[in-house]
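First the structure, then my questions, so here it is.
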Amino acid sequence: MAETITSLPSGLLPDEASPEWLNKADNAWQLTAAAMVGLQSVPGLVILYGSMVKKKWAVNSAFMALYAFAAVLICWVLWAHQLSFGDDLIAILGVPKLSSVTQTYLVEQLDDRMIPKADYVFYQFVFAAITVILLGGSLLGRMNFYAWMIFVPLWLTFSYTVGAYTIWDKGFLAHRIIDFSGGYVIHLSSGVAGFTAAYWVGPRNRSDRDHFPPNNIIHMLAGAGFLWMGWSGFNGGSPLAANEITSLAVLNTHICTATSLLVWMFFDLIFYSKSSVIGAIQGMMTGLVCITPAAGIVDSWAAMLMGVLAGSIPWFTMMVLHRKLTFFQQVDDTLGVFHTHAIAGLLGGLLSGFFAKPNLIKMFYNLQHSKQGPGLLYSIVNRNQVIHVQDGLIQMGYQMLGAIFIAAWNVVVTSLICIFISRIVDLKMHEDDLEIGDDAVHGEEAYALWGDGQRHPRSITPKIPSLFRRL
């Protein structure tokens, strides 16, 4: 052993800052993957939201994303990470501690992985942050910014942490559900919670709901590009190592996404005779979401099939059912997050239970501690003395149970949070502010060019939250 260590290059020798358990390659990749996911939110979703909405809401929409990113980080390290991944408290939640801001905890080895816990805290933070920001896509163009400021930490604390702990850590579904990178924890929860919150906040004013064109399609493509490329870290970081599963997850991510985008465009061309940039971005998003729970545990041909379904089923729910069903018409989901995330996330979770390959499941999950079964397809095709059809059926049952739990929890908890906030401040902006937009809310405009947006200087009187007006 001593000869082996001394023969290593000096840069690979262990020292006080690089103990023997630390794999520098894994550590470097994990930090890179986390940074890529962070870039999906800032600037990715900041740009996408700021350009995908009507001009008068560009600043407010982008600022909602930026605020959420910062607020989630502070909440995450103070209590939310331990609620999600800490010691067992109850079947759905961990013990809240301040461990995530102490050196003793952060530089420890993460279980049997070859990275420090600080990597995992950061990686899971950017997951939590993007979940809240995605949820906010349902609320753009009318939610009171004061209400949003309260909503973010409350939803993170009482909703997101429960999903993360229950499915990814030590909760009652943690060793049963296949959710590679968050099809349920991130996307199903953000889609359902966003739709629920949109119901409680109420719709945009009629003129905005009838006519809400993007203010900059080129910027939309830039924001979408950050999302697509950043998903390499989103799914590629889940193995917490630079290994074979990581490589497969990254490739499958892009195969599914490209397929879904092309299928969505195909349907737009058939039914509307034109290909749409907005439609292509929606197809890209549904592909990214659908592959997320399955990225590293399915074959690439399965990822392509998932892309076909991701580009067609959410297209049908958004472009056909949404316009026909009163249920969808009554709730103003600004960016269609329910379709792009809840529907696509649910689809991906169910397809994971169908296409999951036994040897990849074994490589990704430590089956000495976890009990995820093979996909239903392989339990039928490869049934033998070890794999039985009932194993695949049981796994599909758990995938359905996980979806029901996440959806139900988010409906109930999001509703309670919105009701609570409505007792403190108005959930929705005042009608006068809804007519004006950014200038009324923030005193700023996205495009204030000479001769276009120029206005006389005026004093801005801050609007006091209703809580303080009542005191």
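Every residue, even glycine, has its Cβ placed from backbone N, Cα and C.
Okay, these came from TrEMBL:
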- 28-50: transmembrane segment (TRANSMEM)
- 28-447: domain 'Ammonium transporter AmtB-like' (DOMAIN)
- 57-79: transmembrane segment (TRANSMEM)
- 120-140: transmembrane segment (TRANSMEM)
- 147-168: transmembrane segment (TRANSMEM)
- 180-201: transmembrane segment (TRANSMEM)
- 213-231: transmembrane segment (TRANSMEM)
- 251-270: transmembrane segment (TRANSMEM)
- 277-295: transmembrane segment (TRANSMEM)
- 301-322: transmembrane segment (TRANSMEM)
- 334-356: transmembrane segment (TRANSMEM)
- 400-421: transmembrane segment (TRANSMEM)
Cβ under 8 Å to the transmembrane segment (400-421), counting only same-chain residues 6 or more beyond its ends: which ones?
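Apart from its flanks, the transmembrane segment (400-421) reaches 147, 150-151, 154-155, 158-159, 162-163, 166-167, 173, 176-177, 179, 184-185, 188-189, 192-193, 196-197, 200-201, 342, 346, 349-350, 427.
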Determine whether the transmembrane segment (277-295) and the transmembrane segment (180-201) share at least three Cβ pairs under 8 Å, counting only pairs 6 or more apart in sequence.
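Contact between the transmembrane segment (277-295) and the transmembrane segment (180-201): present.
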Check for me, if you would, whether the transmembrane segment (213-231) reaches the transmembrane segment (28-50) - at least 3 Cβ pairs under 8 Å, residues 6 or more apart in sequence.
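Yes, these stretches are in contact.
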